[in-house]
Amino acid sequence: MPLLFHIGFLEIAWVDIIDIALVSVLLFQLYKLVKGTVALKIFIGFLVLYLIFLIVQATQMKLLSVILDQFMGVGVLAALILFQQEIRSFLLLLGKSAEFQGFDFFKWSKNNKEYDLKITPIIDALKVLSDEYTGGLIVISKTSDLNNYAETGDLLDAELSKRLLLAIFNKESPLHDGAVLIVEGRIKAARCILPVSQNPNLPANMGLRHRAALGISEVTDVLVLVVSEQTGHISVIQNGKISTNLMLSEVRQRINLYISAEIETQEEKDKKPLSEEIPPPQAIKH
Ligand SMILES: Nc1ncnc2c1ncn2[C@@H]1O[C@H](COP(=O)(O)OP(=O)(O)OP(=O)(O)O)[C@@H](O)[C@H]1O
């Protein structure tokens with residue numbers, strides 16, 4: 001192994017530097033995932049327990065040592081169960097970062113599929129829903145087929161139209177609960193259940209509809225549109241970030257951008273704040 005330098009009795013090689021750098025990146029990513037969540041407190045709890053265990057061993061307290069030793073034995077399993085949500089997010093994050101732009105065959109082939117997304121029916125439907133204070137949750141996907149989520153609802157595979165969207169979200173409709181999925185320019189499914197975000201920074205006035213929109217945007221490359229039943233406000237959610245109380249022209253612009261944009265790099269995503277556009281108190285809509 002080619003040596004780089006010595007620090008006292010320590011011999012440092014290139015591979016050690018790479019090793020330390022990789023561990024730092026991993027720890028930083030883990031920290032970003034657990035920051036602000038209850039998982040961080042559990043992690044600190046584990047760390048404190050481990051320190052106590054080391055002290056107990058060093059001071060040779062036999063009884064406590066045996067008890068803590070048993071606990072440490074199942075520690076990995078306990079951590080897997082307790083941190084399952086974070087481990088899942090971490091693996092998803094790794095998977096997402098590994099998708100090199102243009103080199104991801106599956107994404108490339110999907111992106112080049114010929115289909116049109118009709119934006120006008122969506123905008124027209126959003127206007128009616130917003131004016132009538134009817135709740136709506138629409139997921140638009142350009143890369144993922146969202147099969148897992150489509151299966152939780154009713155498969156439609158219908159042509160996208162304003163009338164159909166309004167019929168689905170009509171409060172009397174049996175399909176109005178849950179999300180509508182638009183994949184490859186068609187309404188793939190309605191009444192779908194989305195994963196709910198655990199983000200603690202979501203404003204208190206945003207309930208499960210917004211949490212579900214945020215949740216799916218954290219784990220897939222989709223654009224989500226939400227109409228609030230309480231306020232009629234339209235929000236656009238992407239990459240775990242919410243822009244709320246948007247005008248219809250802004251929503252149209254966001255959909256256009258989403259459809260035409262290349263996939264954002266993880267760095268670009270991280271630079272953005274959670275709530276890109278905090279609504280001004282008397283924002284004028286439409
Ligand atoms: N996991 C989920 N997946 C999809 N849709 C969901 C999910 N959870 C709740 N919803 C939808 O959200 C509705 C409840 O919205 P809720 O009032 O809690 O949310 P909100 O974010 O405050 O929105 P609003 O401003 O419209 O009241 C449900 O009737 C259902 O249609």
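Positions of Cβ are set from backbone N, Cα and C atoms, glycine also.
As the structure is a computational prediction, the values presented were derived from the model and not from experiment.
Positions annotated as transmembrane segment by TrEMBL: 12-31 (among others).
The transmembrane segment annotation in TrEMBL covers 38-57 (among others). Cβ atoms under 8 Å from those of the transmembrane segment (38-57) belong to residues 64-65, 68-69, 71-72, 75, 79, 82-83, 85-86 of the same chain, restricted to positions at least 6 beyond its ends.
Counting same-chain residues at least six beyond the ends of the transmembrane segment (63-83), those with a Cβ under 8 angstroms from any Cβ of the stretch are 34, 39, 42-43, 46, 49-50, 52-53, 56-57. Residues or ranges marked as transmembrane segment by TrEMBL: 63-83 (among others).
As annotated by TrEMBL, domain 'DAC' applies to 84-250. Averaged across the domain 'DAC' (84-250), the predicted model reaches a pLDDT of 86.
According to TrEMBL, the region 'Disordered' annotation covers 266-286.
Positions annotated as compositional bias 'Basic and acidic residues' by TrEMBL: 266-275.
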